[in-house]
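K.L.:
Dumping the structure here so I can ask a few things about it.
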Amino acid sequence: MSGTSQGEGARLRLRPPRNQVDRRAVAWWRAGILVFWAVPVLVLVVLGILLPGARFWLLAPAVAIMVVIVPLAIGMPLWWYRVHRWEVTDEAVYTRTGAVWQEWRVAPMSRIQTVDTQRGPLEQYFGLATVTVTTASAKGAVKIPGLDHELASDLVRQLTETTHATPGDAT
Amino acid sequence: MTTSEVAWQRLDRRTVIVNTLNAAGVCVVAGVPTGIGVGGATSPRLALAIIVPAALLIVGVVALADHLRWHKTRYRVLTDRVELHKGILVRSRRSLSRERIRSVDLTANLLLRFFGLVTVKIGTGEQTGTGTSLALYPVSKAEGERLRTELLDRTPSGTGDGRRNGVLAAIDLGWVRFAPMSFVTPTLGVAAFGAVLQVAEWFGLQEGVITWTIDRMRDLPLVAAILVLVVIGMVVGVIGATGLFVEMWWQYRLEREPGGTLRVRRGLLTSRSISLEERRLRGVELVEPLGNRLVGAARVDAVATGLAKQKESEKTDHKTLLPSAPRHVADRVAAEVLREDVSPTSAVRLRPHPVAARGRRIRWGLACVAAVVAPLLVLGWLLSVEVLLHLAWICAVVLVPVAVVLAIDAYRNLGHGLTGDYLVARSGTVRRGTVALQRRGVIGWTARQSIFQRRKGLLTLTATTAAGTGAYSVHDVGESDGLAFAESAVPDLFGPFLERG
């Protein structure tokens, strides 16, 4: 290891944010992957049934996709669930997301411009919501996916109140 | 003065002449090849009988439409806002709050300049949403200047420092030597060949041109023929790049005006005046493309809010404060623009990154070479084509050293540091960028770590900002060093979330 810390003594690390996302997020992510890949698999299977001549060449990719996707759909959401965490303090919103690439983001209250929630059809089914916090930076948005939707709307209210109370011109 | 007392103003009436001439020009350019094509297929007289009335009709319609547009467009400058009413069928009424106006840019192409007219674009510097700018096309040059000074006139801020006003930089024609040393040259060279073939195709001569070329080349060996074509392409590219530079940067001047506005004026055929409020400036970026870096030249770009959503084609020239110029000029201009004694990009002591970052870059370089060589090998082996196998090893022999050298250079260019109010980050090899960002302009941090970086103890630290591209990164910095840097650059962002041990 080459990264010995210079000057500060002990090594610095970002601690994980305090809160996990809702447990239902695992099922939501799984459903998302399966729904997304079900479309090409179904098309291939239906064509395979209708076209006996090309059956092997249509069903083989369908099987191949399933062999790859089903383990991913089981495994990846568990990994995401372990990584995805969030925290809101009086000063900032702090998140950790990703899996292979992990990302820690912090946006201070004084720079927050908008706070929104989104709920796609699957999220509605699972009673979840995604909170997006944007700043004046085109690339500075902080997203917290997979929150319980009531918690999410409370969070939006709390964030909106705090940002109104915090001075700053947001750029 | 009440709102109703401020008189409405119109665009310059000569817009009708300008647009009619424009339409006539387009008709000639499009009509001549069409005429030759149609005339060749049928008879010249028939071609004239169709195309001339059609062209006259188009020109007439454009003239009428533009007269209507002129008649229906009105604007006025009030004490608190600028209003524009326009639209022939669909009327639109826009108003911009004057305190939100961040830029007033004037451009004039050759035709507009001939009539003494300019296009005025008033922008608010908002990053999102439409309706954030107004264009007045065209007004007289004097009216354009009046709008510019009136709308950008602000009471000088406390930092106003008389001796720094005036011309900060002006064109030195010697700089034209840096223009061909960029990707513009080969791109224009290739484009020239394409253009020749395209024009030939319009006249149905494409095959003729190709046969003629092959005939010329017949006596030469293949390698020589390829070299001749490459040299012709390069020559055309160099001429094109030089011409482009002269067109863009002729009579370039960078000035600071009282009241805190930076103004770039330049252009040979199309003259441009770009204003940038210093309030919007969050730093500068010193850009050194490889060709320029080898001869000690650099360009200075502004990192400012409200420039990001320009059209793709306008983006680079709007933010460029100084074209490629000798490094000491670039450093001086960067310092002047930021009102510093020494440019932060040269005052800073950049800290190098862990050696692990070098290994990563070498692996990326070799992976890119493999992506070229492997398909050649596989195809050559599967199809038993010996030429492909030879091509594969030649590519490998040439590209591996290039990739390794670029990777090592990329590693050596990595650096980050703090100086005064600025944080400075450098990276890149083909395009080395050194960005100096005001610490108060940082509005958030992102730390990103892949599983590979995690094993090596590296991370990529990104400062998000409202200015420029929105995010500037310190690539592959040591994890602990990077977080300490983030905390000392902008305290209390990552601070509360750090732990030791």
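Using the three backbone atoms N, Cα and C, a Cβ is placed for every residue, glycine included.
Automatic prediction, not curation, is the source of TrEMBL annotations.
Below are the features listed in TrEMBL for this protein:
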type	residues	note
TRANSMEM	B:21-40	transmembrane segment
TRANSMEM	B:46-65	transmembrane segment
DOMAIN	B:70-143	domain 'YdbS-like PH'
TRANSMEM	B:178-200	transmembrane segment
TRANSMEM	B:220-246	transmembrane segment
TRANSMEM	B:364-383	transmembrane segment
TRANSMEM	B:389-408	transmembrane segment
DOMAIN	B:411-486	domain 'YdbS-like PH'
K.L.:
Under 8 Å, at least 3 Cβ pairs, sequence separation 6 or more: does that hold for the transmembrane segment (B:220-246) versus the transmembrane segment (B:364-383)?
P.N.:
no
K.L.:
Per DSSP, what is the helix/strand/coil residue tally across the domain 'YdbS-like PH' (B:70-143)?
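P.N.:
Going by DSSP assignments, the domain 'YdbS-like PH' (B:70-143) contains 14 helix, 37 strand, 23 coil.
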K.L.:
What is the three-state DSSP composition of the domain 'YdbS-like PH' (B:411-486), stated as helix, strand and coil residue counts?
P.N.:
20 helix, 45 strand, 11 coil
K.L.:
Cβ under 8 Å, sequence separation of at least 6 from the ends of the transmembrane segment (B:21-40): give me the contacting residues as numbers and ranges.
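P.N.:
Sequence-distant neighbours of the transmembrane segment (B:21-40): 46-48, 50-51, 54-55, 58-59, 62-63, 111, 202-204.
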K.L.:
Would you mind listing the long-range same-chain contacts of the transmembrane segment (B:364-383), meaning Cβ under 8 Å and 6+ residues beyond its ends?
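P.N.:
Same-chain contacts beyond the ends: 389, 391-392, 395-396, 399-400, 403-404, 406-407.
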K.L.:
Given a Cβ distance threshold of under 8 angstroms, which distant residues of the chain, six or more beyond its ends, lie next to the transmembrane segment (B:178-200)?
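P.N.:
For the transmembrane segment (B:178-200), the far contacts come to 206, 208-210, 229, 232-238, 240-242, 244-245, 289, 291-292, 294-295, 297, 323-325.
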